[in-house]
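Quick notes on the structure that follows.
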Amino acid sequence: MDYSHSQQEVSELENGYDLLKPSNKEVLSGSRTLQNVSSSIMRKKSDPLLVSSVRFQMLRHLLANLQEVILGTKLAVLFPAIPLAIAADFYKFGRPWLFALSLLGLTPLAERVSFLTEQIAYYTGPTVGGLLNATCGNATELIIALFALYQNKIHVLKYSLLGSILSNLLLVLGTSLLCGGLANLKKEQRYDRKQADVNSLLLLLGLLCHILPLMFRYALGEGPFTFHYTLELSRASSIVMLVAYVAYIFFQLKTHRQLFESQEEGEEEEEEKAVIGFWSAFSWLVGMTVIIALLSEYVVGTIEAASDSWGISVSFISIILLPIVGNAAEHAGSIIFAFKNKLDISLGVALGSATQISMFVVPLCVIVGWIMHVHMDLDFSLLETGSLAFTIIITAFTLQDGTSHYMKGVVLFLCYIVISACFWVHKIPQNQITIGKPFSGVFAA
């Protein structure tokens, strides 16, 4: 009986009908029963059908990944902007069009990079996953900053980094507290102050490192020696900031994980699982990072042309528009968690991203500029540093009591509107922006 049964399976396999059997459908879905193992052994007698089955499985796997990665976000409607931007560069369309299409294309890519990082974290565990999130969380801002540094556009670099910090602390956090407060009017929204205090301390340390070069320049006056000493002070301060950020990562992931476990508990309650494989997520992440690098080069190279064509200052585009694109994922995620009355996660997203930019990306750009012999310092000029100082102080006061309501969100959001209006009217003639010279020279007293 067993021999006849085996002969029957071989006959069906050779005639090409084996794919209709339920057991082989299980093989295609990845299940490994004893019957499936025996069927896979029998397939060795029919190589063409085996190759066809493997190809079909690979095709279905690819389509499943496309469904999750490309169509798994509401921002998928913006993906066509990516090939349009490449076509605009190839056919030499107007530079403002290239800038606008590149900016639109970066929006879904920034959100998908965050998604892919989370998928990889399911396989690597919380420690490596946390380090990966710390590295890739602000990948768009970091890549734009490095391209601006490479092209000696120090003003664009500083504007974009400053805008990312302001966006996270005022726009992302402000709208999260506002929406969360309105959605939970009958509930008292509370959060753990300890996590917010740690981020506030790091932001204040970063602010000190920004203020000292500015005060140093005003104390000594303008001159070549002042610029040299300011650059040295900035590089020394950048090393201190990077050491502080490494200590913060160790503090968060090792010695005091309990202060940040509220984020992990909120995610574990929903019992989320990875929807794509590790290597698939890694491959998609590498591919999207390459595309982000390409679009970032377009953005940095055409920002002045877009500013002249649209009549909008470079400072407004760099401080307001670019960070909104780069922080799209953080903004959406923070508001969703605030709606669910999970403010610890919302604060972790907004404050964590701002801390990462201030204490990691900014000093990293100074060190990389040092290696590239580009004069990148921490003197962000009086107006920019003053905006940063008041933003950090207002945010620290807002989060000091461990409770939240919509009025706090209103205040933070209106602060962002006022700063946006300030840089809307803050227009610098192009002939006053000296590429490769100290940024403070643009705003010399």
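Placed from the backbone N, Cα and C atoms, the Cβ positions cover glycine too.
TrEMBL entries are annotated by machine, without manual review.
What TrEMBL says about this protein:
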- 97-253: domain 'Sodium/calcium exchanger membrane region' (DOMAIN)
- 282-423: domain 'Sodium/calcium exchanger membrane region' (DOMAIN)
- 69-91: transmembrane segment (TRANSMEM)
- 97-116: transmembrane segment (TRANSMEM)
- 128-150: transmembrane segment (TRANSMEM)
- 162-185: transmembrane segment (TRANSMEM)
- 197-216: transmembrane segment (TRANSMEM)
- 236-253: transmembrane segment (TRANSMEM)
- 274-295: transmembrane segment (TRANSMEM)
- 310-329: transmembrane segment (TRANSMEM)
- 349-372: transmembrane segment (TRANSMEM)
- 378-399: transmembrane segment (TRANSMEM)
- 406-426: transmembrane segment (TRANSMEM)
Best-packed against the transmembrane segment (197-216), counting Cβ pairs under 8 Å over 236-253, 310-329, 378-399, 406-426, is stretch 378-399
Check the transmembrane segment (406-426) against each of 274-295, 310-329, 349-372 and return whichever range has the most CB pairs under 8 Å.
310-329
Are there 3 or more C-beta pairs under 8 Å linking the transmembrane segment (349-372) with the transmembrane segment (236-253), counting only pairs at least 6 apart in sequence?
yes
DSSP tally for the domain 'Sodium/calcium exchanger membrane region' (282-423), helix/strand/coil in that order, comes to 118 helix, 2 strand, 22 coil
Which range wins on Cβ pairs under 8 Å with the transmembrane segment (310-329): 69-91, 162-185, 274-295, 349-372, 378-399?
162-185
Given pairs 6 or more apart, does the transmembrane segment (162-185) have at least three Cβ pairs under 8 Å with the transmembrane segment (349-372)?
yes
Tertiary contacts of the transmembrane segment (97-116), as residues 6+ beyond its ends and Cβ separation under 8 Å:
69-70, 72-73, 75-76, 78-79, 81-82, 84-85, 88-89, 136-137, 139-140, 281, 284-285, 288-289, 291-292, 295-296, 298-299, 302-303, 305-306, 321-322, 325-330, 332-333
